[in-house]
Each structure stands twice: as structure tokens, then as C-alpha cells.
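J.: The following block contains the structure, expressed as C-alpha cells.
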Amino acid sequence: MCDVVLGSQWGDEGKGKLVDVLCDEVDVCARCQGGNNAGHTIVVGDTKYDFHMLPSGLVNPKCLNLVGSGVVIHVPSLFEELENLEKKGLHCRDRLFISSRAHLVFDFHQRTDKLKEAELSENKKSIGTTGKGIGPTYSTKASRSGIRVHHLVSEEPESWEEFKTRYHRLVDSRFKRYGNFEYDTEAELAKYEKYRELLKGHVVDSIDFMHSAIAQNKKILVEGANALMLDIDFGTYPYVTSSATGIGGVCTGLGIPPKAINKVYGVVKAYTTRVGEGPFPTEQLNEAGKTLQDIGAEFGVTTGRKRRCGWLDLVVLKYSTLINGYTSLNITKLDVLDTFKEIQIGVSYTYKGEKLNSFPEDLHKLAKVDVEYVTLPGWEEDITKIKNYNDLPENAKKYLKYIEDYLNVPIQWVGTGPSRDSMLVKDLN
């Protein structure tokens, strides 16, 4: 059976840390969607490991790791990430497997991404993408013109010629759309001819890989990227990513049925952050927001951009819970709230005087909602050295209880600092 870790807000919740903790006891860790457009840091002892595309389970020497079919892969970045891990003493190539059905991100996808974003910026409609080529790659995938891993590594005699034909066709369509954007196609093809050999040893039929593990009763952990509010269908469209970031993306990205899923863990930052453009009802453009940003060190791992900050939004989390069906929650970065005398939580939206029953899909409507807050007393003490959930300040426990009661989902873990040891486990019995 598979347990799943998913982001419940707009990303950057701290999913990697929970995955790292859980991976001590699993046999397989799998990424199901996304690309290197998101990132997180795992701290083991005194060493920090930055992950973008690779599964976090690589830090566990006994864990096999799969990059699934729903992931889009920029091969140079994949090997760069591997090399950076190796420089820090983490040698894990023999435990990394890549789906033959995953689509490839090329440099021209990244170039296209930036050109498209520049066009939107001129009309003040920028999405705020990372420029990693993720959207253009999913676009070519949806239009059935994309290039998959098996096209690159196939041993069939005509496969390399077919790869080059597909590649030139994609590049030519970009030239027609954007003109000559100073792109060296032959240099990139030469680069991929070398990557072809490097990649071959990692490529597997991911359907067989996953279902063999399930049949052998292996413990499997699925690591979702991004978060529900960035989902292509259920997020704040169009200010979203280009993949299915919720529970549905687990099945489609790995080729497993819903009945193979056991637990679904929702990761929730104790407040709310967002990178890039898009609606953010509980955003605090004031001293509270600045304090959250400073104490929380809210800067993106992938882009270095400042994250927008605000109070916890339970309307968002209720919506996220309905879609993903969390069996329990991991509240992260609770310690960031240590200095606040009072803490606010968004509990409902009203629009033109009427209370809304769900998170609105219309962004014009969303921009006009009034957020109703409840104010809870802060605990105003350092919780970073606490090792037992029961030793948390009473006001901290009341804050967590309010979240549990509102969502009707138990909290199983509470993060109180950046290291893997700064994770309190709550007894659910």
C-alpha cells in the first residue's frame, strides 16, 4: 500500500521534512508529478540537502526512489542535482529510477517559458512562473507532440533519428511563434546524445516497478510536489502550476489505482505563504506579514524569491481537505508564531454580505471577499527545544485544537524547527 504526502496550501509547506522522517521506514519513495520548479531543504545532522526534482527518499540509504511518469524532467538539472548531493557525501545513483514515460524538459521549453511570461508581463497578467519550462513541457505533452524518456534512451536502430526529428519539430514550432530566439539546437542535441548513455541505467517501466512493489507488500511513500491550491484544475487558475498536484495526480502520475492508497498526509504551514502572483485572501501587507517573512526565512529554495505571508486560512484548508481527503495533518513551522501576542485565523469568506460555502473559482469574486477572522492568544515562548507534544504551551495546543476541530482531521505531527529532529509526534489513540 502507498502512503501519500501532499501540500495543502500554495506550496513551501515543508513536505520534504515529513517525507524525510517517514522514509526511515519505507522501501520506496516516489515523485508523481511536477518538475524542478519547486524545492525544499532537508537537514540531516549538520548537512543541508537541497531537493528540486529528485525524491527526498534518497537520503535514506535503504530506500529506492522513483521519478514517475507524471514528472517532467530537465535532464541537465537532474544530473546537477545528483552531483550536488554527491558533493555532500550522499551517493545514491544506484537507488534512483526514472519512468520511461516521463516527458523531457528542454532548454527551449525554458526559453519559451520566459518569453511567454514577458509577454504576459507587458499586459500586467504575469503568472509568476519559475521559468523552468514546466508549463511549456506539459503543453507539448497535452498536444501529443512531447518527447518522453523512452524516445531518448531506446535501443531501437531508428530511435535516435526519431528523437532528433521530434526535437526539430518542436524547436521549429517555437521559431514560428517567437522568431529566432538565439537557440543552438545542434549544441543541445550533442549534449543529449551524451545524456542518453548516462540516463539509460536509471530508466524503468514505472508501472511494473510500482505494481511489483505493491505486490511484494513494500512500504511505499508518494511525495507530491507543489500543493493543492496550485493544482491545474482546483487551484487559483490561472495562477497555478501545470500538473495535477492533488490526490488525483498520484494515481495518474504513477499508474496506480485509488485502492492502492492507504494514508494521505496533508502538510500545513502554521500560517500561509505564497510565491508569485495570484489571489491570497489572508495576506498581511503589514508588520505581521513582515514578521512572518523574517522569522520564517520565507525565501524560495528554487528561485530565491520572497514569499508573500499571511495568517492561516481555514477556508483554503477545508477546500483542500475535501479534495484530497487527508487522514491526518502535519503542522509545520509552528515556532515561527512564538513571538506573537495574538494570532489570527481566517475562518470564513463573505461576498456582498453573504457567507460563501466554498472557496470561489472566480478570481474577481475572490478579490472582493471579506475574510472573517478569529483571534487566539499567542504563547510568547520559545518552543524549539520542546521534544514532547504534551509539553507545548497550552495556547499552542489550543491553536492546534482549533485547526483540528474546524477541519475534522487529526494533527499527527508538529514541526518546531528546521531539523528532522524538530518534529513532535502526537498520539492519535
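Cβ atoms here come from the backbone N, Cα and C positions, even for glycine.
For ASP12, the entry in Swiss-Prot reads active site, proton acceptor. According to Swiss-Prot, the feature active site, proton donor maps to HIS40, an assignment based on sequence analysis. Here Swiss-Prot flags 11-17, 39-41, ARG307, 333-335, 415-417 as GTP binding site. The Mg(2+) binding site annotation in Swiss-Prot covers ASP12, GLY39, and the record cites sequence analysis as its basis. Under the heading IMP binding site, Swiss-Prot lists ASP12, GLU13, GLY14, LYS15, ASN37, ALA38, GLY39, HIS40, THR130, ARG144, ASN226, THR241, ARG305, citing sequence analysis as support. Look at Swiss-Prot and you will find VAL301, THR302, THR303, GLY304, ARG305, LYS306, ARG307 tagged as substrate binding site.
How about a rundown of where these features are and what they're close to?
T.: Around ASP12 (active site, proton acceptor), the same-chain residues at least 6 positions away in sequence with a Cβ under 8 Å from its Cβ are ALA38, HIS40, ALA227, LYS269, THR273, VAL275, GLU298, GLY300, ARG307.
Following the DSSP three-state reduction, the secondary structure of HIS40 (active site, proton donor) is strand.
When other Cβ atoms within 10 Å of the Cβ of GLY39 (Mg(2+) binding site) are tallied across all protein chains shown, the result is 19.
When secondary structure is read from DSSP and collapsed to three states, ARG305 (IMP binding site) falls in the coil class.
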J.: On a C-alpha basis, identify the one among GLY14, LYS306, LEU334 that is nearest to ASN226 (IMP binding site); the candidates are the binding-site residues.
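T.: Answer for the nearest of the binding-site residues: GLY14.
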J.: Give me the count of other Cβ atoms within 10 A of the Cβ belonging to THR41 (GTP binding site).
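T.: For THR41 (GTP binding site), the 10 Å Cβ neighbour count is 13.
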J.: If one looks at the chain holding LEU334 (GTP binding site), which residues at least 6 apart in sequence have a CB under 8 angstroms from its CB?
T.: ALA270, ILE383, ALA396, TYR399, LEU400, VAL414, GLY415, THR416
J.: Per 10 Å Cβ neighbour count, which of the recorded positions LYS17, HIS40, ARG305, LYS306, ARG307 ranks highest?
T.: LYS17
J.: With every protein chain in view, how many other Cβ atoms are within 10 Å of the Cβ of ASN226 (IMP binding site)?
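T.: Around ASN226 (IMP binding site), other Cβ atoms within 10 Å: 29.
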J.: In this structure, which of the binding-site residues ASN37, THR130, THR416 has the fewest other Cβ atoms within 10 Å of its Cβ?
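T.: Across ASN37, THR130, THR416, these binding-site residues, the one with fewest Cβ atoms within 10 Å is THR130.
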